[in-house]
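Student: Just passing along the structure, written as C-alpha coordinates.
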Amino acid sequence: MGRCRTAFNAYSVKFSPFFEGRIAVATAQNFGIIGNGKQYVFEVTPHGAIIEVAQYDTLDGLYDCAWSEANENVLVASSGDGSIKVYDTALPPAANPVRSFKEHRHECCSVAWNTSKRDLFLSSSWDDTVKLWTLQAPASLRTFAGHTYCVYHVAWNPQQPEVFLSASGDTTVRVWDLRQPAPTLVLPAHGFEILTADWCKYNDCLLATGSVDKSIKLWDVRVPNRELLMMMGHSYAVRRVLFSPHSESLLLSCSYDMTVKLWDTASPQASQGLPLRSWDHHTEFAVGVDFSTLREGLIASAGWDESVWVWDQRGFPSP
(Lines of atoms letter the chains of each structure in order from A and count residues from 1; the text may use other names and numbers.)
(Lines give C-alpha, C1' and ligand atoms only; values in the text may rest on other atoms or scores of the structure.)
Protein backbone atom coordinates (compact mmCIF):
# COMPACT_ATOMS: atom_id res chain seq x y z
CA MET A 1 0.00 0.00 0.00
CA GLY A 2 2.03 2.96 1.18
CA ARG A 3 4.16 4.85 3.67
CA CYS A 4 3.90 8.26 5.27
CA ARG A 5 6.45 10.25 7.23
CA THR A 6 5.96 11.94 10.58
CA ALA A 7 7.91 14.88 11.96
CA PHE A 8 8.56 13.06 15.25
CA ASN A 9 9.10 9.44 16.28
CA ALA A 10 5.89 7.46 15.78
CA TYR A 11 4.62 5.53 18.80
CA SER A 12 1.15 4.25 17.92
CA VAL A 13 -1.06 3.69 14.88
CA LYS A 14 -4.80 2.93 15.02
CA PHE A 15 -7.30 2.25 12.24
CA SER A 16 -10.63 4.04 12.49
CA PRO A 17 -13.58 1.73 13.31
CA PHE A 18 -15.77 3.88 11.03
CA PHE A 19 -13.68 4.80 7.95
CA GLU A 20 -11.76 2.09 6.12
CA GLY A 21 -8.78 4.20 5.13
CA ARG A 22 -8.43 6.46 8.16
CA ILE A 23 -5.61 6.04 10.68
CA ALA A 24 -4.54 7.97 13.77
CA VAL A 25 -0.85 8.20 14.65
CA ALA A 26 0.59 9.39 17.98
CA THR A 27 4.15 10.73 17.89
CA ALA A 28 6.79 12.11 20.26
CA GLN A 29 9.89 14.22 19.72
CA ASN A 30 13.33 12.90 20.71
CA PHE A 31 12.06 9.33 21.13
CA GLY A 32 9.62 10.48 23.79
CA ILE A 33 12.33 11.35 26.28
CA ILE A 34 11.83 15.12 26.16
CA GLY A 35 10.08 17.52 23.81
CA ASN A 36 6.81 18.00 21.99
CA GLY A 37 4.30 15.69 20.36
CA LYS A 38 1.98 15.58 17.37
CA GLN A 39 -1.26 13.70 16.88
CA TYR A 40 -1.83 12.92 13.20
CA VAL A 41 -4.83 11.72 11.23
CA PHE A 42 -4.11 10.25 7.80
CA GLU A 43 -6.29 8.92 5.00
CA VAL A 44 -5.22 5.99 2.80
CA THR A 45 -6.51 6.57 -0.72
CA PRO A 46 -7.82 3.75 -2.97
CA HIS A 47 -4.54 4.01 -4.92
CA GLY A 48 -2.43 3.49 -1.79
CA ALA A 49 -1.25 7.05 -1.16
CA ILE A 50 -1.41 8.25 2.44
CA ILE A 51 -2.63 11.84 2.83
CA GLU A 52 -2.54 13.94 5.99
CA VAL A 53 -6.02 14.97 7.13
CA ALA A 54 -5.13 16.73 10.39
CA GLN A 55 -2.33 17.27 12.87
CA TYR A 56 -2.46 18.59 16.41
CA ASP A 57 0.56 19.89 18.32
CA THR A 58 1.17 19.11 21.98
CA LEU A 59 3.73 20.36 24.48
CA ASP A 60 4.62 16.80 25.53
CA GLY A 61 5.15 13.60 23.58
CA LEU A 62 2.21 11.34 22.75
CA TYR A 63 2.56 7.60 23.38
CA ASP A 64 -0.76 6.11 22.30
CA CYS A 65 -4.11 6.97 20.77
CA ALA A 66 -7.54 5.38 20.40
CA TRP A 67 -10.60 6.12 18.30
CA SER A 68 -13.98 6.60 19.93
CA GLU A 69 -16.40 3.74 19.27
CA ALA A 70 -19.36 6.14 19.58
CA ASN A 71 -18.34 9.14 17.45
CA GLU A 72 -16.46 8.72 14.18
CA ASN A 73 -14.68 12.07 14.58
CA VAL A 74 -13.40 11.70 18.13
CA LEU A 75 -10.11 10.21 19.35
CA VAL A 76 -8.06 10.34 22.53
CA ALA A 77 -4.29 10.46 22.96
CA SER A 78 -2.10 9.69 25.97
CA SER A 79 0.53 12.27 26.83
CA GLY A 80 3.89 12.40 28.53
CA ASP A 81 2.59 14.95 31.04
CA GLY A 82 0.08 12.36 32.31
CA SER A 83 -2.88 13.92 30.54
CA ILE A 84 -5.35 12.50 28.03
CA LYS A 85 -6.16 14.78 25.11
CA VAL A 86 -9.54 14.54 23.34
CA TYR A 87 -9.68 15.56 19.68
CA ASP A 88 -12.62 16.12 17.34
CA THR A 89 -11.54 15.94 13.71
CA ALA A 90 -14.77 17.63 12.59
CA LEU A 91 -13.53 20.84 14.24
CA PRO A 92 -10.64 23.03 13.04
CA PRO A 93 -7.22 22.41 14.60
CA ALA A 94 -7.43 25.65 16.59
CA ALA A 95 -10.49 24.26 18.42
CA ASN A 96 -8.57 21.16 19.52
CA PRO A 97 -8.08 19.52 21.88
CA VAL A 98 -11.70 19.81 22.96
CA ARG A 99 -10.92 18.27 26.38
CA SER A 100 -7.89 17.42 28.48
CA PHE A 101 -8.09 15.06 31.46
CA LYS A 102 -5.20 15.37 33.91
CA GLU A 103 -5.15 12.90 36.78
CA HIS A 104 -2.21 10.55 36.20
CA ARG A 105 0.87 11.62 38.16
CA HIS A 106 3.35 10.36 35.55
CA GLU A 107 3.40 9.59 31.82
CA CYS A 108 0.16 8.24 30.39
CA CYS A 109 1.26 5.51 27.99
CA SER A 110 -1.84 3.57 26.86
CA VAL A 111 -5.50 4.19 26.04
CA ALA A 112 -8.19 1.71 24.99
CA TRP A 113 -11.84 2.30 24.02
CA ASN A 114 -14.56 -0.18 24.91
CA THR A 115 -16.18 -1.63 21.76
CA SER A 116 -19.40 -2.63 23.55
CA LYS A 117 -19.90 -0.03 26.29
CA ARG A 118 -19.05 2.67 23.80
CA ASP A 119 -18.95 5.58 26.22
CA LEU A 120 -16.08 4.07 28.25
CA PHE A 121 -12.33 4.11 27.76
CA LEU A 122 -9.27 3.21 29.84
CA SER A 123 -5.87 4.79 30.37
CA SER A 124 -2.72 3.40 31.97
CA SER A 125 0.31 5.17 33.31
CA TRP A 126 3.82 5.03 34.68
CA ASP A 127 2.17 5.96 38.01
CA ASP A 128 1.27 2.23 38.30
CA THR A 129 -2.49 2.78 37.86
CA VAL A 130 -5.29 2.28 35.34
CA LYS A 131 -8.18 4.75 35.12
CA LEU A 132 -11.69 4.42 33.71
CA TRP A 133 -13.21 7.38 31.87
CA THR A 134 -16.24 8.63 30.00
CA LEU A 135 -16.46 11.87 28.04
CA GLN A 136 -19.71 12.56 29.89
CA ALA A 137 -17.92 13.02 33.24
CA PRO A 138 -15.44 15.73 34.30
CA ALA A 139 -13.16 13.26 36.08
CA SER A 140 -12.26 9.58 35.99
CA LEU A 141 -14.94 7.13 37.13
CA ARG A 142 -12.51 4.82 38.92
CA THR A 143 -8.82 4.17 39.55
CA PHE A 144 -7.45 0.61 39.51
CA ALA A 145 -4.39 0.30 41.75
CA GLY A 146 -2.34 -2.77 42.61
CA HIS A 147 0.53 -2.89 40.13
CA THR A 148 3.88 -2.06 41.67
CA TYR A 149 5.51 -0.62 38.57
CA CYS A 150 4.55 1.14 35.30
CA VAL A 151 1.38 -0.12 33.62
CA TYR A 152 2.44 -0.13 29.98
CA HIS A 153 -0.72 -1.42 28.31
CA VAL A 154 -4.45 -1.98 28.78
CA ALA A 155 -6.91 -3.91 26.60
CA TRP A 156 -10.63 -4.63 26.92
CA ASN A 157 -11.94 -8.17 26.62
CA PRO A 158 -13.81 -8.17 23.27
CA GLN A 159 -16.60 -10.45 24.49
CA GLN A 160 -16.97 -9.40 28.13
CA PRO A 161 -17.40 -5.60 28.18
CA GLU A 162 -16.75 -5.29 31.93
CA VAL A 163 -13.42 -7.16 31.76
CA PHE A 164 -9.99 -5.81 30.82
CA LEU A 165 -6.32 -6.65 31.28
CA SER A 166 -3.33 -4.55 32.26
CA ALA A 167 0.32 -5.35 31.47
CA SER A 168 3.03 -4.03 33.74
CA GLY A 169 6.72 -3.70 34.33
CA ASP A 170 6.14 -5.54 37.61
CA THR A 171 6.19 -8.72 35.42
CA THR A 172 2.45 -9.41 35.84
CA VAL A 173 -0.68 -9.17 33.77
CA ARG A 174 -3.77 -8.48 35.83
CA VAL A 175 -7.33 -9.23 34.77
CA TRP A 176 -9.95 -6.84 36.13
CA ASP A 177 -13.75 -6.79 36.21
CA LEU A 178 -15.52 -3.44 36.62
CA ARG A 179 -17.96 -5.18 38.98
CA GLN A 180 -15.18 -6.36 41.32
CA PRO A 181 -13.04 -4.33 43.76
CA ALA A 182 -9.77 -6.14 43.00
CA PRO A 183 -8.16 -8.08 40.13
CA THR A 184 -9.79 -11.41 39.35
CA LEU A 185 -6.41 -12.77 38.24
CA VAL A 186 -2.77 -11.83 38.81
CA LEU A 187 -0.69 -13.62 36.19
CA PRO A 188 3.12 -13.65 36.69
CA ALA A 189 3.55 -14.16 32.96
CA HIS A 190 7.26 -13.37 32.49
CA GLY A 191 10.42 -12.97 34.50
CA PHE A 192 10.99 -9.49 33.06
CA GLU A 193 8.90 -6.42 32.28
CA ILE A 194 5.72 -7.04 30.27
CA LEU A 195 5.22 -4.30 27.69
CA THR A 196 2.06 -5.53 26.01
CA ALA A 197 -0.85 -7.98 26.12
CA ASP A 198 -4.01 -8.61 24.13
CA TRP A 199 -7.14 -10.77 24.16
CA CYS A 200 -8.05 -13.25 21.46
CA LYS A 201 -11.09 -11.85 19.65
CA TYR A 202 -12.74 -15.29 19.34
CA ASN A 203 -11.97 -16.88 22.71
CA ASP A 204 -12.42 -14.66 25.74
CA CYS A 205 -10.23 -16.90 27.89
CA LEU A 206 -7.11 -16.59 25.69
CA LEU A 207 -4.59 -13.79 25.91
CA ALA A 208 -1.11 -13.12 24.60
CA THR A 209 1.74 -11.32 26.35
CA GLY A 210 4.96 -9.75 25.09
CA SER A 211 7.99 -8.96 27.21
CA VAL A 212 11.44 -7.47 27.46
CA ASP A 213 12.63 -11.10 27.56
CA LYS A 214 11.99 -11.21 23.75
CA SER A 215 9.21 -13.80 24.08
CA ILE A 216 5.52 -13.91 23.25
CA LYS A 217 3.38 -16.20 25.37
CA LEU A 218 -0.17 -17.46 24.93
CA TRP A 219 -2.26 -18.06 28.07
CA ASP A 220 -5.61 -19.56 29.05
CA VAL A 221 -6.85 -17.60 32.08
CA ARG A 222 -8.64 -20.74 33.32
CA VAL A 223 -5.26 -22.53 33.60
CA PRO A 224 -2.89 -19.69 34.53
CA ASN A 225 -0.11 -21.77 36.06
CA ARG A 226 1.55 -22.47 32.68
CA GLU A 227 1.55 -20.85 29.26
CA LEU A 228 -0.05 -22.67 26.34
CA LEU A 229 2.63 -21.54 23.92
CA MET A 230 5.89 -19.57 23.91
CA MET A 231 7.24 -17.97 20.73
CA MET A 232 10.87 -16.77 20.64
CA GLY A 233 11.17 -15.25 17.16
CA HIS A 234 12.17 -11.70 18.14
CA SER A 235 15.75 -10.79 19.03
CA TYR A 236 14.92 -7.81 21.28
CA ALA A 237 12.02 -6.71 23.50
CA VAL A 238 8.50 -7.31 22.16
CA ARG A 239 6.76 -3.94 22.17
CA ARG A 240 3.26 -4.84 20.96
CA VAL A 241 1.12 -7.94 20.37
CA LEU A 242 -2.32 -7.84 18.78
CA PHE A 243 -4.77 -10.58 17.85
CA SER A 244 -6.51 -10.38 14.48
CA PRO A 245 -10.18 -9.34 14.41
CA HIS A 246 -10.68 -11.73 11.46
CA SER A 247 -8.94 -14.93 12.56
CA GLU A 248 -8.77 -16.70 15.91
CA SER A 249 -5.15 -17.77 15.60
CA LEU A 250 -3.44 -14.86 13.82
CA LEU A 251 -1.30 -12.57 15.99
CA LEU A 252 0.70 -9.50 14.99
CA SER A 253 3.81 -8.38 16.89
CA CYS A 254 6.46 -5.69 16.68
CA SER A 255 9.75 -5.31 18.46
CA TYR A 256 12.80 -3.26 19.26
CA ASP A 257 14.52 -5.56 16.75
CA MET A 258 12.82 -3.32 14.13
CA THR A 259 10.67 -6.13 12.71
CA VAL A 260 6.94 -6.76 12.45
CA LYS A 261 5.85 -10.40 12.52
CA LEU A 262 2.61 -12.24 11.78
CA TRP A 263 2.11 -15.49 13.71
CA ASP A 264 -0.29 -18.39 13.38
CA THR A 265 -0.56 -19.47 17.01
CA ALA A 266 -2.26 -22.71 15.92
CA SER A 267 0.70 -23.71 13.75
CA PRO A 268 3.41 -26.10 15.02
CA GLN A 269 5.98 -23.70 13.58
CA ALA A 270 5.01 -20.99 16.06
CA SER A 271 6.53 -22.84 19.02
CA GLN A 272 9.75 -23.08 17.00
CA GLY A 273 9.88 -19.30 16.69
CA LEU A 274 8.83 -19.33 13.04
CA PRO A 275 6.23 -16.70 12.08
CA LEU A 276 4.03 -16.82 8.99
CA ARG A 277 5.54 -13.56 7.80
CA SER A 278 8.29 -11.23 8.96
CA TRP A 279 8.85 -7.70 7.68
CA ASP A 280 11.91 -5.52 8.27
CA HIS A 281 10.87 -2.26 6.62
CA HIS A 282 11.52 -0.14 9.73
CA THR A 283 15.02 1.21 10.37
CA GLU A 284 14.41 1.98 14.06
CA PHE A 285 12.36 0.40 16.86
CA ALA A 286 8.97 -0.84 15.59
CA VAL A 287 6.59 0.17 18.39
CA GLY A 288 3.03 0.24 16.99
CA VAL A 289 0.88 -2.16 14.96
CA ASP A 290 -2.79 -2.48 14.13
CA PHE A 291 -5.24 -4.58 12.14
CA SER A 292 -8.06 -2.94 10.20
CA THR A 293 -11.40 -4.25 11.43
CA LEU A 294 -13.14 -3.00 8.28
CA ARG A 295 -10.85 -4.52 5.66
CA GLU A 296 -9.52 -8.01 6.26
CA GLY A 297 -5.78 -8.35 5.74
CA LEU A 298 -4.98 -4.64 6.00
CA ILE A 299 -2.36 -3.89 8.66
CA ALA A 300 -0.28 -0.92 9.75
CA SER A 301 2.94 -0.33 11.68
CA ALA A 302 4.62 2.68 13.26
CA GLY A 303 8.26 3.16 14.23
CA TRP A 304 10.82 5.43 15.77
CA ASP A 305 12.17 5.96 12.24
CA GLU A 306 9.39 8.58 11.82
CA SER A 307 7.42 6.39 9.46
CA VAL A 308 4.03 4.69 9.29
CA TRP A 309 3.33 1.88 6.84
CA VAL A 310 0.02 0.40 5.65
CA TRP A 311 -0.06 -2.83 3.61
CA ASP A 312 -1.81 -6.12 2.98
CA GLN A 313 -0.58 -8.91 5.25
CA ARG A 314 -0.23 -11.23 2.25
CA GLY A 315 2.34 -8.94 0.64
CA PHE A 316 5.15 -6.55 1.47
CA PRO A 317 5.16 -2.85 2.41
CA SER A 318 6.10 -0.49 -0.40
CA PRO A 319 6.82 3.24 -0.10
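Easy rule for this one: first residue shown is 1, then count along the chain.
Every residue, even glycine, has its Cβ placed from backbone N, Cα and C.
For 101-143, 144-186, 187-222, 231-273, the entry in TrEMBL reads repeat 'WD'. Annotation source TrEMBL lists domain 'EIPR1-like beta-propeller' at 153-263.
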Student: Are there residues at least six beyond either end of the repeat 'WD' (144-186) with Cβ under 8 Å to its Cβ atoms? List them, or say none.
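Tutor: Those are 106, 109-117, 122-126, 128-132, 192-199, 201, 204, 207, 209, 211, 219, 221, 224, 240, in sequence order.
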Student: Give residue numbers and ranges for long-range contacts of the repeat 'WD' (101-143): same chain, 6 or more residues beyond its ends, CB-CB under 8 A.
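Tutor: Distal contacts: 17, 63-70, 74, 76-84, 86, 149-156, 158, 161-162, 164, 166, 168, 170, 176, 178.
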Student: So what pLDDT does the repeat 'WD' (144-186) average out to?
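Tutor: The predicted confidence over the repeat 'WD' (144-186), as a mean pLDDT, is 98.
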